[in-house]
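Features reported for this protein in Swiss-Prot:
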BINDING   146, 167, 189, 231  S-adenosyl-L-methionine binding site
């Protein structure tokens, strides 16, 4: 079925209240927020909602919604300026999952590694192929932070090594490490859906017997790894730096990403006390920080 959406501009101070009003008083099925000025996003701390100074609020309605009623409610709301601008659009229904599947293609990272959708044939059967169905979890290889980590893993000697994937998401890094020769990988994530997606993808790739998955509260307390990867965000990388550093064996390696270039210098200071850091590698405003624990 088709849908109708209304988009109007708001500020960080009133965007959430307008979204609540659209949902509670006008019958919107959802309310979402978009950056109106394409400002870089800095992640919030846990429990905090971070919105842009200039925010678009989008309300989604079914095709039968009375948009005259919606507009009248908006015009009479104290949250809305008298001369507010808005845009109403009709959206044709799509099979979004199928459309996404059509646009997810095999991708090569480094010399040996390919990430392939599970429903497509691997282009190089003799290469190191990871078959991926990310489900609801983050990590397909298309984001610069994921690709930077995959390329780094492809350049390491992982044969017989123990790896920790801190924030495993879809399991893409963990499974890539196993396909590249790692003996054992521990995947940790705060999201049960990510744990399930990692488990499913590990089974699909025939490596589930070598992948141990944990929520943070269940992870082993005395484990260290030869290689640790953490593709999360700058805030958690700062906050959890003592934990992440403690997971790296003496002589082991660490790669972290999810960091904007402009955050790299600051984030590096949280790790340079215990690791000899490599030059930062950047791509599309994001970067990878890696190093060696003496």
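Note that Cβ sites are derived from N, Cα and C of the backbone, with glycine treated the same way.
Its own atom aside, the Cβ of residue 189 (S-adenosyl-L-methionine binding site) has 27 Cβ atoms within 10 angstroms in the protein chains shown. In sequence order, 188, 189, 190, 230, 231, 232, 236, 258 are the residues near residue 167 (S-adenosyl-L-methionine binding site), counting only same-chain partners six or more apart with C-beta under 8 A.
Over all protein chains present, the Cβ of residue 231 (S-adenosyl-L-methionine binding site) has 26 other Cβ atoms lying within 10 Å.
Neighbours of residue 146 (S-adenosyl-L-methionine binding site), defined as other CB atoms within 10 A of its CB across all chains, total 25.
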